[in-house]
Ligand SMILES: Nc1ncnc2c1ncn2[C@@H]1O[C@H](COP(=O)(O)OP(=O)(O)O)[C@@H](O)[C@H]1O
Ligand SMILES: [Mg+2]
């Protein structure tokens, strides 16, 4: 019991050191621009198809499933408003974060831990490159930039999926659909969505890099790291989502 | 297979490990270890698996910090250096890892130019290409230039790993079990390469191994790590002129028929 508690404290101390180091090295030169751009491509660009598909399905299915309940009140004309609130306030950042936790988290966790196991990180360090900056910081910056972009993309595609679902039953022009959509959401909603996406992006990058960088040696460590990176990312995203919802409801 | 052409200067000590201890928790890996590497010398470090041989060279290159004691490399005390100074010093130390540690997301060419591009930013494309081809030719693998590490054999990976460290023209080479896991013919190749590097690049080297053929072929002097200490050192014959049950099996194993 005492030992377990002790280990937990040590883990927290290590997490704290890791965080401080990330922040310190992110702002101090030299900057790894080229590697950051490459990671944005690897992490962000390559996720667009999956994220797009997910966004479309979420928007389409959500709209289809909401229709019957609104129909009971003869209120199907509220569908665009309902979709926009649901997607922008709740679904877009959360779905992006969960998909990215799975795809990007496992990728980062596996990459870094296999580099750790095969001493590639040590090799980098002894040949004059700071591996922390090159591997960890650049990945965290890339997720922090790309998850918000992916989130906007998923919101756009999700709304479009909703629109397609609506015109299966009703007459509605794309223009008036989007007029109604933006009628219901304000600057605060967009801001809140972006803020969440930034927080989730940082979280996914940070958690996956931490898990990968400190993975146990040995090949079974790689699989374990990929797995824990996903679990840690998702878990932290859920906690943050709960906290953010509480804070936002206090504010408004 | 006597070695020729290397000049050892016993006045010039390029690595001095002075009374160094290192533990991980309750595990005392090195206890008050002393070791000197002289200029131009190939020093073989023998020892069983898990005795701390890799830990020793990781201490020398600053990847790990000693608990107590001093390590001086090329006249600089490793423990006292700032991060920047340590980076500079490391450029003069080549490290050949046990599993070659090639960057598996990069081609052979990108692996080789990585240390160059990152540390000598004023080189032109043509100069980089020339350097890459030069060291690659030196290890006899010019044809592998555009291959991925996953397409190479263990011996080829080892050579590329050595080439990648030679590209910065190090003064010191550290080899971690260079022949582990290789077939006898490839072992002979690698041993030959280690001697060639010593001659051509005038390096001083520490070679970690438990392969006696390798030790005999490349070593000018040998030390043996036993229970966290260098208890035995000297030539091959001197080391194995003993009945110590921790030492004899190393020798006997080679003559079991
Ligand atoms: N970073 C580390 N953390 C904890 N223990 C370590 C670390 N590096 C090495 N060890 C332990 O130190 C001992 C010596 O390891 P090593 O130097 O790799 O042995 P070898 O002589 O086979 O190269 C081993 O028992 C190993 O488990
Ligand atoms: Mg070892």
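Note: Cβ is positioned from N, Cα and C throughout, glycine not excepted.
Listed ranges A:9-35, A:225-251; the one TrEMBL annotates as transmembrane segment is A:225-251. Proximity of the transmembrane segment (A:225-251) to the transmembrane segment (A:140-166) is not established, fewer than 3 Cβ-Cβ distances being under 8 Å for residue pairs spaced 6 or more apart. Taking every listed stretch (A:43-63, A:140-166, A:186-213) in turn, the largest tally of C-beta pairs under 8 A with the transmembrane segment (A:78-100) is reached by A:140-166. Counting same-chain residues at least six beyond the ends of the transmembrane segment (A:140-166), those with a Cβ under 8 angstroms from any Cβ of the stretch are 22, 26, 36, 39-40, 42-45, 47-48, 51-52, 54-64, 67, 79-80, 83-84, 87-88, 91-93, 95-97, 100, 104, 108, 172, 174, 177-178, 181, 193-194, 196-198, 200-202, 204-206, 209.
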